[in-house]
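A.B. asks: Copied straight from TrEMBL:
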type: DOMAIN; residues: 59-340; note: domain 'G-protein coupled receptors family 1 profile'
type: TRANSMEM; residues: 50-68; note: transmembrane segment
type: TRANSMEM; residues: 80-102; note: transmembrane segment
type: TRANSMEM; residues: 122-142; note: transmembrane segment
type: TRANSMEM; residues: 163-187; note: transmembrane segment
type: TRANSMEM; residues: 224-244; note: transmembrane segment
type: TRANSMEM; residues: 283-305; note: transmembrane segment
type: TRANSMEM; residues: 325-343; note: transmembrane segment
Amino acid sequence: MTSTSHSLDLNQTGLTTKTVITTPAAADPLVSDFVYNLVSYVILRSGVQVVLRVFGICANVINILVFLKAGPVDSVTAGFLGLAVADLCFLMIFLASIALIIMDKSFVVYSKIDLSSLSFVISMYPIMFGDVSYLITTYLAIQKACCVAIPLRFKNVFTRTRSIAVVIFTYVVALVYYCPIFVSMALDLQPFRSTKSNSVKLYLLLSPFTRELLRLFRLINKTIIPFATQSVVILCLALLTTHLRRSSKFRQSMKAIKSSNAKGGNTDVADVKGLRAIQSVTLMSAIFVASNLPDICINIATMLVPEFNDRKFLNNLYWVVEESSNIFPIINSSVLILIYLKYNSGYYKQFSKIFRRPSELKKVKL
């Protein structure tokens, strides 16, 4: 039998598109074509991922509104705002790509442009925003780790201007990094035959240079970047966890002294706010690590089992597992609003002002 070769899925895609090239492939003995289409295309991509992406888009729009409503952007909010914009673009543009795939496969939609090819071209842009989200999350983890390691110098090091500059620099570097991919892909007119007429249609044209470039990007995006950011975040998470344990022991030992000090109450409030901020970033880092582990495990599995590959004997099994793993980055980009509401009192206050009636605000305990 022959199976359509899939494009080189890069990072956090949640999308598998086809090219116009077909390659021979043996039937997967573990996952049939019917099971692959049902699980990967119908259940995961067209069902679960669409629902999660819609939720994530709404959540990140709310995050952006709340952060902007909060007033002047400080060093911490700059990172959160940059992360929300990256996650919004990652989820929204990929949702448009999935919509094109659904239109191409599920509905008879005639167009002068091959929808699968257009979907693949569009999908390169949210992959870029996914990497921006990776890097900003890593920066936030480093920021809080430094808040623990150098508390007295933290405000002088992580100033508002520097944090905004880091976020903007991250976007610029990502754009420059992806420019070769963007300019190397093109839609070319190819003959198209249908039962109604013979005409031409725009299909994705991949040159040998583009294919080699995609392979290089795949190595970097699915191996180097995940391992590097994962390692940094895990180190920061370990530092934060150690600090939380030490702080808890210290507060217990000083509880009696603080309770007898008139100024101790203010110190406790400050400590609680700092603790909640550290807990929120700790939880964000933990979710980030958990969301990337499946992708890293898949890469290790492809090295240990060569047949477990998108173009090899176990290609159907590979794509079902890959499509399942793509759910986790979507969750990572969607659930941060729940963490903010739980641990960030300033965020909860602004959220309440925007989405609660004035009569309900009096009942909210901040």
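The first residue you see is number 1, and the count goes up from there.
Cβ atoms are placed via backbone N, Cα and C, with glycine included.
Annotations in TrEMBL come from automatic prediction, not curation.
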A.B. asks: Short question: most Cβ pairs under 8 Å with the transmembrane segment (50-68), which of 122-142, 163-187, 224-244, 283-305, 325-343?
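C.D. replies: Counting Cβ pairs under 8 Å, the winner is 325-343.
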A.B. asks: Using Cβ atoms and a strict cutoff of less than 8 Å, what residues sit near the transmembrane segment (80-102) while being 6 or more residues removed from its termini?
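C.D. replies: Residues packing against the transmembrane segment (80-102) from afar: 12-15, 17, 45-46, 49-50, 53-54, 56-57, 60-61, 63-64, 67-68, 73, 115-116, 118-120, 122-123, 125-126, 129-130, 132-133, 136-137, 140, 167, 170-171, 330, 333-334, 336, 340.
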A.B. asks: Using Cβ distances below 8 Å and needing 3 or more such pairs, separated by at least 6 in sequence, tell me whether the transmembrane segment (283-305) contacts the transmembrane segment (122-142).
C.D. replies: yes
A.B. asks: Using a Cβ cut-off under 8 Å, which residues of the same chain at least 6 positions beyond either end of the transmembrane segment (163-187) come close to it?
C.D. replies: 73-76, 78-79, 81-82, 86, 113-114, 117-118, 121, 124-125, 127-129, 131-132, 135-136, 139, 143, 202-207, 209-210, 213-214, 217
A.B. asks: For the transmembrane segment (325-343), could you work out the same-chain residues 6 or more beyond its ends whose Cβ comes under 8 Å from its Cβ atoms?
C.D. replies: 12-15, 44, 48-49, 52-53, 55-56, 59-60, 62-63, 66, 80, 83-84, 87, 90-91, 130, 133, 276-277, 279-280, 283-284, 287-288, 290-295, 298, 351
A.B. asks: Per-residue pLDDT averaged over the domain 'G-protein coupled receptors family 1 profile' (59-340) comes to what?
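C.D. replies: Its mean pLDDT is 79.
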